[in-house]
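Novice: Handing you a structure now.
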Amino acid sequence: MNRLSPDGGFDGNGNSESLATPLLLPQRSLTNSTSQVALVGANVCPIESLDYEIAENDVFKQDWRSRGKKQMFQYLFMKWSLCFLVGLIVSLIGFFNNLAVENIAGLKFVVTSNMMLAGRSKMAFFVFSASNMILTLFACLITAFIAPAAAGSGIPEVVGSITAVSASLVVGKAGPMVHTGACVASLLSQGGSKKYGLTWKWLRFFKNDRDRRDLVTCGSAAGIAAAFRAPVGGVLFALEEMASWWRSALLWRSFFATAVVAIVLRALIDVCLSGKCGLFGKGGLIMFDVYSANITYHLADIPSVLLLGVMGGILGSFYNFLLEKVLRVYNYINEKGTVYKILLACLISLFTSCLLFGVPWLGTCQPCPPDALEACPTIGRSGNYKKFQCSSGHYNDLASLIFNTNDDAIRNLFSRNTDSEFHASSVLVFFLICCVLSILSYGIVAPVGLFVPVIVTGASYGRFVGMLFGSRPHSSLNHGLYAVLGAASFLGGSMRMTVSLCVILLELTNNLLLLPLIMLVLLISKTVADAFNGNIYDLIMKAKGLPYLEAHAEPYMRQLTVADVLSGPLWTFHGVEKVGTIIHVLRITRHNGFPIVDERSEDDSRVLSGLILRAHLIVLLKRKDAFMSTPVERGGGGAEFSAADFAKRGSGNGDTIDDLQISAEEMEMYVDLRPFTNASPYTVVETMSLAKALVLFRQLGLRHLLVIPKISNRSPVVGILTRHDFMSEHVLGLHPLLFRSRWKRLRLRLPRTLSIF
């Protein structure tokens, strides 16, 4: 491989005077690759695929043959049981997360409003800004010092998300809930723990990356279901955006997990409706259920819906552009250290508090409508009519949107029969504030999400467009419905999802009659936005340098073969290898897979016997049971080992080469690697196009893809492909001339796409 690819069998750190063979391939310098692809994003971090492929060696085959009906039943039972536990735990976390946000933020707004009623405006601002600062600081500290990468149990993620959202930052809790669901699933799939005495034999079946990946996918789907009470939308979100590998069995289990979430949340919501969840426990999860009434629309309404879709695509792509630029600046600041991260978050919190408290003073006071469905003005709770600085019997429409939680602001915007409650200028100001604050708030060192900020921004944009069109006879497209469609168009323009977003919005609004209109604006907004840039998640992953493989290959990849992206040398082992040789190669490389090449006794030709993983080599070296004094193959076939010996441990608990203690005498011994070698690794011929190899690599969920020669008189393997070899940073670094043609094609995308309309 290359210096960006620590997972294959290549290395340029010298040769080994042993049986291990470094196959020399053409060296290609990547010195100028960073400058050539500076527009693409940050340097790619050394994250690699997991071992999803089953290593079909003798040990695995023996373990599979020994499994009876009882073991198979245990395996299936535990799969479904863990999915149930994931759904149950994530639903409880989502409910209490929402409940905590509603009560903490609600209490803060009540205290501030009471001070405003008493004429103590300066003290109200101090309390408001100080509470926001404390909550933001707590979220930053718990993230920076306890879970810098939001890794681990997910508890820091939950607590940090609660305080960040409660601090009036324009952020959401859906993203952290997805990650929390994945964390819960990852913990449950660790396969037990000797440290805590959880070594039940049933759990041993899940000590592999394949089952952990499936359960983590179920956890992410459950996270979306818990955030929006959208079980079907959660499954589709995991399918469309989260998972890069899918199968029908996974669809059933993820649907089961989200169904558990929906049932548990429904039961807990009934408890809250009885008044047992505090003063503000009735909001949040049930706030979007505002369109259960019938609606009608006609052909004359379609032009305005089309305009919403086109404008949503343009605004969504521009939103992504600005967010990417801000994240680049934040990355530069965050690299300076933790203190700078916390200072940045505190400055954003102070700026947010000043805007949210100061801008409503510019709003006008309106008399309370006589036919209002709730108390006006709203005092001591959430609602559409915030009094703020107005006199008795009046409300501030701008404060009703700004001086509120994001969830309550969305509910106010989505509300029907409220066409006269908000001025167009107030909605426009709120839209601009949401855009600015959501972009500035996302990159701080706290667990925050983008889903809710994009919804509230799009809802304000849609309601403003509805006000410009005005109400027309024989149409139910009121301002609240325009807000729903605006949220859909902005989501489509920013996140570029279609099916999952459509279903989530339908589940939020509880009205299937909105399906045609939401489908239309999503398709149009996504098509328009794709002409300008990528979706927000891809841009963020590029900025972070995450080596994510797209589902489609770039056009220039069809001009290249897999041999064009290989570099060397390639390290291989013999079937019977010297212990000292294995130790030496493992120390000078960071690769996770090594081909096994043997020689035939009949004609001395070399053949590819398979692939062995670094983790399996370390197990063999640590156990020492397979050591031999002479390089003669034994007939045991690895009988001293079982599949449990090679089972993958929990996150961060694997042994490394530095943990081994090998004596000088043992360094001269030998190991028969063939019983532990995957005898059927996936291979491609060196003349295969890079685009075709990418599709194969991604759809099969591979970590290593061996490249074999086209002619037989060469070495049986000429290289190994990992995900880093398919990344644009690597390919364009090797072939810089393709970089110019790529951007030339990108410049031609806009006229072609707009010609559709």
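Note: Cβ is positioned from N, Cα and C throughout, glycine not excepted.
Keep in mind that TrEMBL annotations are predicted by a computer and have not been checked by a curator.
Keep in mind the model is a prediction, meaning the values are calculated, not measured.
Pasting the relevant annotations from TrEMBL:
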- 676-737: domain 'CBS' (DOMAIN)
- 75-96: transmembrane segment (TRANSMEM)
- 123-147: transmembrane segment (TRANSMEM)
- 215-238: transmembrane segment (TRANSMEM)
- 250-269: transmembrane segment (TRANSMEM)
- 305-322: transmembrane segment (TRANSMEM)
- 342-363: transmembrane segment (TRANSMEM)
- 422-444: transmembrane segment (TRANSMEM)
- 450-469: transmembrane segment (TRANSMEM)
- 481-506: transmembrane segment (TRANSMEM)
- 512-532: transmembrane segment (TRANSMEM)
Novice: Where among 75-96, 123-147, 250-269, 305-322, 450-469 do we find the most Cβ pairs under 8 Å to the transmembrane segment (512-532)?
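Specialist: Out of the listed stretches, 305-322 contacts the transmembrane segment (512-532) most.
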Novice: Over the domain 'CBS' (676-737), what does the predicted model average in pLDDT?
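Specialist: That region's mean pLDDT is 88.
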Novice: Given the transmembrane segment (250-269), which of the listed stretches 75-96, 123-147, 305-322, 342-363 has the most Cβ pairs that are under 8 Å apart from it?
Specialist: 75-96
Novice: Using DSSP, tally how many residues of the domain 'CBS' (676-737) sit in helix, strand and coil.
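Specialist: Within the domain 'CBS' (676-737) the tally stands at 23 helix, 12 strand, 27 coil.
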Novice: Between the transmembrane segment (481-506) and the transmembrane segment (123-147), are there at least three Cβ pairs closer than 8 Å, leaving out pairs fewer than 6 positions apart?
Specialist: no
Novice: Would you call the transmembrane segment (342-363) and the transmembrane segment (75-96) in contact, using three or more Cβ pairs under 8 Å, pairs 6 or more apart in sequence?
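Specialist: Between the transmembrane segment (75-96) and the transmembrane segment (342-363), which are separate recorded stretches, there is no contact, as judged by 3 or more close Cβ pairs.
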Novice: Checking distant contacts: for the transmembrane segment (422-444), what same-chain residues at least six beyond its ends satisfy Cβ-Cβ under 8 A?
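Specialist: 136, 140, 169-171, 319, 322-323, 326-327, 330-331, 341, 344-345, 348, 351-352, 355-356, 359, 362-364, 366, 397-398, 400-402, 409, 412-413, 450, 453-454, 456-457, 460-461, 463-464, 467-468, 479.
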